[in-house]
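Annotation source Swiss-Prot lists topological domain 'Cytoplasmic' at 1-8, 61-67, citing sequence analysis. The annotation transmembrane segment is assigned in Swiss-Prot to 9-25, 44-60, 68-85, 142-160. Per Swiss-Prot, topological domain 'Periplasmic' is recorded for 26-43, 86-141, and the stated evidence type is sequence analysis. The feature disulfide bond is assigned by Swiss-Prot to 35-38, 101-128.
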């Protein structure tokens, strides 16, 4: 792994941890109630941080290892982009016509062995069709920008490292 690629992955890890902490702060400090899709995006941010940490711990030495790292980090980023884009589409529909965004995560994971520990991360019963704003911009737009920045950064660093 080249120094540039390693620094980029460290940056992505740090930004992902901050974004995850920010999503928890928005819920528990600012009082924003996340919906199922918001929580899915939160889990994609967490997965991005975990993937970056795994790439940093594995320290791939060959170019193929760097390619693996870029693909590995891109998977949750692309998933997050698709979830946020779906939520933006839901929010663009006329009021009352948006379909349900699914069962709450707390219901889906109730029987999971680590549920009591993980429950604060997946708790939320907000409406996916009602937008929340940060600095005048809808939160799914911020999510798309974050995930797009992750994907572009990791592929830029990989291309520069070749």
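Keep in mind that glycine also has a Cβ here, set from the backbone N, Cα and C atoms.
Features as recorded by Swiss-Prot, highlighted on the structure.
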residue : record         : DSSP (3 states)
35      : disulfide bond : coil
101     : disulfide bond : coil
128     : disulfide bond : coil
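Here the CA atom of residue 128 (disulfide bond) lies 5 Å from the CA atom of residue 35 (disulfide bond). Packing against the topological domain 'Cytoplasmic' (1-8) from elsewhere in the chain are residues 56, 59-61, 65-66, 69, 153-154, 156-158, 160-161: each is 6 or more residues past its ends and has a CB under 8 Å from a CB in it.
The average per-residue pLDDT of the prediction over the topological domain 'Cytoplasmic' (61-67) is 73, rounded to a whole number. Of the listed disulfide-bonded residues, namely 35, 38, 101, the sparsest CB environment within 10 A is found at 101. As a summary of secondary structure, the topological domain 'Cytoplasmic' (1-8) carries 6 helix, 0 strand, 2 coil according to DSSP.
Cα to Cα, residue 128 (disulfide bond) and residue 38 (disulfide bond) are separated by 8 Å.
Comparing residue 38 (disulfide bond) with residue 101 (disulfide bond), their Cα atoms are 10 Å apart once rounded. Around residue 128 (disulfide bond), a 10 Å sphere centred on its CB holds 21 further CB atoms from the protein chains shown.
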